[in-house]
Each structure stands twice: as C-alpha cells, then as structure tokens.
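**Q** Found this in TrEMBL, in case it helps:
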- 1-30: region 'Disordered' (REGION)
- 7-16: compositional bias 'Polar residues' (COMPBIAS)
- 46-66: compositional bias 'Basic and acidic residues' (COMPBIAS)
- 46-78: region 'Disordered' (REGION)
- Glu160: L-tryptophan binding site (BINDING)
- Arg175, Tyr257, Arg302, Lys304, Tyr306, Tyr408: dimethylallyl diphosphate binding site (BINDING)
Amino acid sequence: MKHHLNGNMNSDTNSGPDIELSGQLHGHVSGEVNGHVKRLLKGDIDGDMKSSLEHGTNKHSDKDSPQHFSYSSEPENGPKAWEIVSRWETSLGPSHEHWWRLTGPQLSTMLEEAGYPVHKQLEIVLFHYHRVVPYMGPKPELDGSFKWKSLVSSDGVPLEYSWKWDTPSKDPEIRFTIEAINEFSGTVADPLNQTPAIELLQGLEGRVPDLNQDWTSHFLSNFYDHDKAKYLREAEDGSGMPLRSTMLQGFASLAQYMPAIRQLGPSRALDILNDFLGTSKEGSYLRPFMLAVDNVEPPSSRLKLYFATVRTSFASMREIMTLGGRVSSDKIEQKLRTLHELVKAIMPVPLDLPDNADIPGPELPEYSADATASTSIDLATERPNFVVGYQYYFDIAPGAEFPDIKFYAPIRKDMMDDLTVANGLTRWMESQGRGAFCQNYMRVLRGLAGERSLSECHGIQTHICCMIKKDGQFDITSYLAPGVPGSSN
C-alpha cells in the first residue's frame, strides 16, 4: 500500500494550512482529504520572533541575495522558521533527526521564497515536524539503501515537494507528497505498508473537520484482502503479485476497476472519458497508474484518475487534452501551442519536429505481466519508465460534464541538467507575464542543490504540470525532489 500526504500550504492568513491527504493503495487507489488543520500555534508570535522571521523572508526581489547557497546542518545557520522550531523542539530519535535536518530547512526556505506570512511559515514547519517527518520511515542505511524503498522519488526518499506557480491573483503555493512509512513497512506485520497512512489519518481526526473516509474504505474493501498473511504466502510461493501494482506497471486496464468505481454512482464526465479511451487511438496508449479520491463527504468528493503514455507528440497531447475534440473553445489551439512552447523549453525537442512525431528519447524497457516482485525495491525497479512519456490526470468532479485535465511533462534528467530546465521554465513564465517569483524559484533550486551548481544537478526538478483553466489561464506546478546527500539528484 502506497500512501501520499499532499500538503497544500496556502497563504490564507486567517486559516490553518490546507492539506490534501492521500493514501495510494499500492498503485490501485489513493484517498485525499481537503480541509483545514487546526491552528498549531496559539496566541500571537512575540515581536522578536516575528522580526527574526521577517528578516529571513524575501518575497519578490533577488537584490542583495546570494546566487548560490547551501543548507547548514546547524539550525542557527538555517532558514528562520526551521531554526526556531529546531531550537525549541526536542529530538524524536535518529531517523526523525535525519529527515528533519534534510527536509526541514528545504521546506522552510520554500515557504520564505513563496512569500508566506511569518506565522504561517511557523505553523507549517511545526506541522511538518510533528505530522510528516515521523512518517518518513527509518533513515537510509550507511550504503544509502532503504528497508522500504519509496516510489515517490528515484532515490527512495518518501517525499516530493511542489511549487505551484503564482497567478495574477495568487502567490505561489507550496505542497508536498509523502509515502507514509514506518519500521514495520514490508515486514510480516505490514507486508503492503498500509498501517502508517491509517495512523496518519487517525492522528488528524478532530483536526481536519471535513475528514470522511467512506470512499477510501470502499476501494480498500474492493481491492484488498483483509488477511495480510495471504499476501506473504503468495509472495513466498510465487502464486500472486502482492507487492507489485499491476495498475502502476500498466498491466491492468481501467475496465478492471470500473465495477468498484461505478458503485459510487453515475457520472457524465466519467462516461465521456470512458468513451474517449475506447474510441481514440491516443486513448488506447493511456495506461492507468493511480486512482485517488477526496476524503470528504461523498457528494463533494472527486474521483481522480492518473494515466501514463509513451506518446509525446504535439498531436497526441492535443488529442488527449481535448478528449478527441469533445472539449473545445475558441482559443484552445492557441493555448495548446503555448503549452507546447513550455514543453520545448524544458525538454530536448528538435526544432523541426513535426506535430505527429514523438520526442526522441530512450526506449521503454520490456515488462512481462507474468513477472513477480516481492519487495518495494523490486517494484521500484520494474515500474514503467515514466521519464520516457507523458502523464495525464483526469479530475471527475460531482455533476461535471467534462473532466478537468492536467498534463505532466517529465524531466529527462539524463539529457537535461537542472539549470537548463530552470532557465527554460522561467523564460516561459516571464513570457506569460508571470516572472515575479522566478528568482525566488531559482534560489529554492540552489538550496536543494546544496554545494553543487545547478548545471551539475540532474533530477531536482522531476515534472512540470500544467492545466488550462476554464478562464484560459495556465496552472503551472514544478515538482521537486529533496534528494539525498551524495546522490545523483
């Protein structure tokens, strides 16, 4: 069972951080919670603390800021919110200390650079310390290996950040995804790593007023056997695939999951998506790898379907983003061309590449549906190479006629260094009149790079996501890996 915590930390000064909680059930299904975490801070921040934080915040300007810096392992030399929390909170053990020193300053700096109010920075960093870091699992072994290798990142680190770019009306939003892990993940006690996410959810009860797990429980009961020993027996005798997600590897069709989905009720948007998948050539290339739901009251919950495809041509992108022409507007072609300019800025696209040609790249490895994998490390090795193709996300909202569609362009880290990708992305953002936070973003990347220059880094930026909103605006999100000291990232 693979789980995510998507922490959408907004900058609304009147509420706690918005969070989306998801437990991806080993590639089959994930549940998400949208709600407000109760305030972790009580009362006002004292003047000295507020002044210290404000001194470390740089919202828009790069003036007088270093062009390269690294995070110190000592709290007094790190970002202010992280420094304050580290000063007053006691250590929770070696693994917690390891993950806190790696991710705490990174998250704190991202919040500063995104322009979050000082009290919000402290609240979110405290939330991270108490509710996220404890579920990052045991620290790596001396050789860098993990007892349970997460699928969230190529390094096995169970955390990924995202920087949702600013719009004309909103500053950037900082989010993150976690695969909840503990010392029993993958053992006889918890062979599918289901317990940590359940504990994480239980810990938020009473703090997230809108929490409702009906849909998550529905899919758990449909997709999983309650007898955990069964999965261990199947792993030992090779009779099943308990620790390999057929959906994640692209072996299972969506039709195999439709009976459980249809039990949730009728959906016009889902019908249209199914029709597209069954009639479009490009739809036939799409392979499902994740299903998610909002953990809120069912009438308000959304169904979220994630697909991967090896196809990377502009024609393929246009076909999928318009559902074969079912979604149309006066300026859709213009918007798609602009989106493709972003693709060309961050990927190695030949200048004369025809619209119907895929971007040249490495071949996908062959996968056998009869192969077996009994550990999370095997699963991480055998999964499809998502760096080769594109991914798409279809959001099925209650009462919607069409799904909202997000497009994910993976960064080909073997072919593009992080400085080249970042320069291409920020130039595109500036061309759209959205360059206010570009230098802030570059400072975040330099912090993640540590002692290395961005031109030496490959894989800090993992994906760039885009959705064309109904008003024609682009929602752009950069996904960022925290990395491990000494790794290729």
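Each Cβ is built from the backbone N, Cα and C atoms, and glycine gets one as well.
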**Q** By a simple count, how many Cβ atoms lie within 10 Å of the Cβ of Tyr306 (dimethylallyl diphosphate binding site), its own Cβ left out?
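**A** If we count other Cβ atoms within 10 Å of Tyr306 (dimethylallyl diphosphate binding site), we arrive at 22.
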**Q** Looking only at C-alpha atoms, tell me how far Tyr306 (dimethylallyl diphosphate binding site) is from Glu160 (L-tryptophan binding site), rounded to the nearest Å.
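**A** Counting only the Cα atoms, the answer is 17 Å.
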**Q** Taking only same-chain residues 6+ apart in sequence, whose CB is under 8 Å from that of Tyr408 (dimethylallyl diphosphate binding site), what do you get?
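**A** Counting only residues 6 or more apart in sequence, the Cβ neighbours of Tyr408 (dimethylallyl diphosphate binding site) under 8 Å are Tyr390, Gln391, Tyr392, Tyr393, His463, Ile464, Cys465.
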**Q** In the structure shown, which of the binding-site residues Arg175, Arg302, Lys304 has the fewest other Cβ atoms within 10 Å?
**A** Arg302
**Q** Does DSSP put Arg175 (dimethylallyl diphosphate binding site) in a helix, in a strand, or in coil?
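**A** Going by the DSSP assignment, Arg175 (dimethylallyl diphosphate binding site) falls within a strand, counted as strand.
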